[in-house]
Amino acid sequence: MGRMFGTDGVRGIANKELTADLAYKLGKAGAFILTEGTHRSKILVGMDTRISGDMLESALVAGILSVGAEAICVGVIPTPAIAYLTRKYNADAGVVISASHNPVEYNGIKFFNKNGYKLSDELEDSIQALIRDDFKDVPVLTGENIGRKIEEDGEAIRDYIDFAKSTIKGDLKGLKVALDCANGASYITSVEAFKELGAEVHVINNKPDGININRNSGSTHPEDLMEYVVKNNCHMGLAFDGDADRCLAIDEKGNLINGDFILAICGKELKKQGRLKKNTIVVTVMSNLGLDIAMKKEEINTIKTKVGDRYVLEEMLKNDYAIGGEQSGHIIFSDYNTTGDGLVTALQLAHIVKESGKTFSELCSIMKELPQVLVNAKVPNDQKDIYLKDEEIKSEIDTITKNLDGSGRVLIRPSGTEPLVRVMLEGENQKEIDKLAHGLAKLIENKVK
């Protein structure tokens, strides 16, 4: 059995790879490992709007109850809401059934510990080991020792909306906002929060039918929202993904504003308020060099991690940083939540736009995105580190870096899933970096022939 857990829980095509049987086993093992030896434990269960959610929830909950834990089912709710409410309700764990931005045929199961954080690799391995060993030493419970399922009646959604609203001071009156809910988990929470704060709210893709989640909508397909914002003269647009743990924005001219710009704007604002701990934001190696240049001007440090919001969070926790995130719109505000939170991000951004008295596009001028070129070099899995060993490749990388002279960079990343090495170049001249990236990729490919 290979490793079951990926970077974001267990994922696969529902009913084929992620079966009801596997969901039952994950519920049983997760509940046993995460609550071992405590009182009758409580586990919060939420999901996005996928048609397979009901099937997987039934199986997952059966597993949870079989080891004597209580399952509190809150229905359709954003992933970050489960992270927050697990803490608020003093639950022993939280589980989300969602495949985030993936197409509808996929689903996933992701656990949070009692503090609202994603599980460590060690805990995930313990859950997998229990399943692999066929639940050896797990007692079979009967009678009154079996757990109960509690259906929650909307209080969780209300509590999450109130929490999200509390993260900004004042209101959003006078702001005209377009929201794209991706027919996903934010179709109630985001709309209500913005309305209750006084914004004029226009919404698209907020009629989930179980199969339209992420379909030509949300943060992975923002084209309709870009058009809508301009057509309806909105001050800004905000696009969520299926489970609303990320958010991308649209300025009033219809331009897509990615996570790098959001980090720059929010980082500057936090510094102004004296809340940017250690004057630092945490980003990944894939963030645009333009962000580093912009932050340098603002006298803000950037610290880089591997790609993945779990690595960003690790770095933030280690050094108590206030904000970090990815280009994809996964932004973590550690003062507010323990994971990327699309609604909290959207509210921070909207509040900054309102309070600044500037247009959103003016605020975005804080940063100039450098042209970026990404070229794949085909490399056998056992030779993916050739760029670290081969003298000619190393010399070519050094030469390119020297010629870019601080206004560009070379980044090489082996793919974790395919026999590829990704060659990424940034610089001021698109034509030049395009030529250099293709040349370097070709050199790498020739060396492994």
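Positions of Cβ are set from backbone N, Cα and C atoms, glycine also.
With a cut-off of 8 Å between CB atoms and residues at least 6 apart in sequence, the same chain places ASP8, ASP48, THR79, GLY108, ASP241, GLY242, ASP243, ASP245, ARG246 near SER100 (active site, phosphoserine intermediate), listed in sequence order. Positions annotated as active site, phosphoserine intermediate by Swiss-Prot, on the basis of sequence analysis: SER100.
Among the features that Swiss-Prot reports, Mg(2+) binding site is placed at SER100, ASP241, ASP243, ASP245.
In three-state terms derived from DSSP, SER100 (active site, phosphoserine intermediate) belongs to neither a helical nor a strand segment and is classed as coil. The phosphoserine annotation in Swiss-Prot covers SER100, and the record cites sequence analysis as its basis.
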Report task. Identify which of the binding-site residues ASP243, ASP245 has its Cβ surrounded by the largest number of other Cβ atoms within 10 Å, counting every protein chain shown. Result -> ASP243
Query raised in the report: When a 10 Å sphere is centred on the Cβ of ASP241 (Mg(2+) binding site), how many other Cβ atoms does it contain?
Result: 33
